[in-house]
Amino acid sequence: MKIAIAQLNPTIGDIKNNAKKIIEAAHQAQQQGAELLLTPELSLCGYPPKDLLFRHDFITMMAQELKAIALAIPENITILVGLATINKKAMEKGEKPLHNSVALVQHQEIKQIFHKQLLPNYDVFEEKRYFARGTSPIIFEQNNIKIGVTICEDLWNDELFWGKKNYRTNPLESLHQQNVDLIVNLSASPYVVRKQQLRETMLKYLVNKYQKPIIYVNQIGGNDELIFDGNSFALNKQCQITVRGKNCQSDLFYLEYSPEKKDILLSNIDFAPTEEEEIYQALILGVKDYARKCGFQKAILGLSGGIDSALVAKIAVDALGSENVLGILMPSPYSSESSLIDAQNLAHNLAIETQKILIEPMMNSFDSSLEPIFGDDTFGIAQENLQSRIRGTLLMALANKFGYLLLSTGNKSEMAVGYCTLYGDMNGGLAVIADIPKTKVFALCRWLNNEQEIIPNHILIKPPSAELKPGQKDEDSLPPYPILDDILERYINFHQSEQEIIDSGYDAEIVKQVLRLVVRAEFKRKQAPPVLKITDRAFGTGWKMPIASRW
């Protein structure tokens, strides 16, 4: 039996166009001889729909479009469609009003509706806010092949693999007891670094344990801060990857299931990307889809001559095209001539338009207006930050005037310790690299330069500096970035305590300083633009820390 996997890029809430994509995939799959088409979790509305799920008309439209899909697809293909459905027992049982469901459409009829059993409620996931869990094994037959269906988290609860039991039930055990021939998993699994390796390792463990082939189907696309990387794949009973979908691209691809062998047949597969490549492609997709789905065609950003804005500019060019990116140079009296040259060389390498605005006249105007109130001529942090706020205001004015998306260029290290200016360099519609530590920014730029110099080499070798006062360097205020980033990763990603970090070999005063800065900067992070999520712990919807706290 030929099975098609539709790795779709839905726009959240664009139900009619999402349905159109499913219908088109069904026709293409049928023309290629497929008898079964698999689509991702909530493929009809896009994941995550968040509080759109509270809208009755939103749920009603999904039900209507599901009926339209059933009538519009070829008669001789079966499809699985992800959608939210009404929980008919919600009032009776005091449950949530909806289910995260999959519809089985056979012979142009909606035959069954299945419900997700394990509902994640951690990090960016809030499914228990909306959904009641399903309680029955999900099984259907196609060509006398018994197929078990799981929805994303339903696979992620093997006690031996994880060393703990996250949920009371394990849907895979139920399917195993029902002696299914094949297991499919329909997912909307957001990208984080090394997530694909984890998926493959976990599914290989499950295949080996249950001796059942598994097909994993994942959504692709950027939806606000979340990036879905696709990378759908299938495993045969020998734990071999038999087929793999594209990384960060929509795809429609096929596999052959042998009823005689009760297994998936092996075919040629693409190689998985390197870590730098997968991160970079995810960032491109995040920018491209955020712009497209929000109605932007062009982007603007400040070019300082530093490494952060250089990386963001390169990502923007690859996402939107060089003709759609505008770089603004805004030198102050403290900007070095070399930084201006670096910014110009970068713009030349990327073939983007630039404009230059001197900010000294505006600095002088602010100084003269504030001098009677400030009362002295001491140059301090307020005057330093005024430069950043002038630049931020100029960028917002240009973005507002011409309808551009302003890309914020700060990295995760700066965002973590507050080494950024509220209403200044934090301005923007999207924080592109605010989940990328500074050391990883350097690594990505070196990777980009492997074949040719795209990021001017001088940007890579000069000491990082905000250039807000004479001779300023980042390391005047912060530990060296390799030390800072490791401390931050231990604290933010691995939840290590202050003492645990000190015990790992770091100077106690440095650790205390860094953690104080992280706590103090929470008010800035709450006012940051959406941050593209690349790691397990990003400063986005999954980061839920209080501002007023003494911990």
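Quick reminder: no glycine exception, Cβ is built from N, Cα and C everywhere.
Nobody curates TrEMBL annotations by hand; they come from automatic prediction.
Matching Lys512, Lys524, Lys526 to the deamido-NAD(+) binding residues that TrEMBL gives (Asn385, Glu414) identifies Lys524. Listed by TrEMBL as binding ATP are Gly302, Leu303, Ser304, Gly305, Gly306, Ile307, Asp308, Ser309; the candidate from Thr201, Thr393, Thr409, Thr421 that the record includes in that site is Thr409. Most buried of the recorded positions Lys116, Lys195, Lys524, judged by other Cβ atoms within 10 Å, is Lys116. Neighbours of the deamido-NAD(+) site: apart from Asn385, Glu414, Lys524, residues of the same chain with C-beta atoms within 8 angstroms of the site's C-beta centroid are Ser388, Gly410, Gly418, Tyr419, Cys420, Thr421, Leu422, Gly424, Asp425, Met426, Ala521.
As a whole-number mean, the pLDDT of the domain 'CN hydrolase' (1-271) in this prediction is 96. Between the binding-site residues Ser189, Ser304, Asn385, Thr409, the minimum number of other C-beta atoms within 10 Å of a residue's C-beta occurs at Asn385. Comparing C-alpha positions, Ser304 (ATP binding site) sits nearest to Lys524 among the recorded positions Glu41, Lys195, Lys524.
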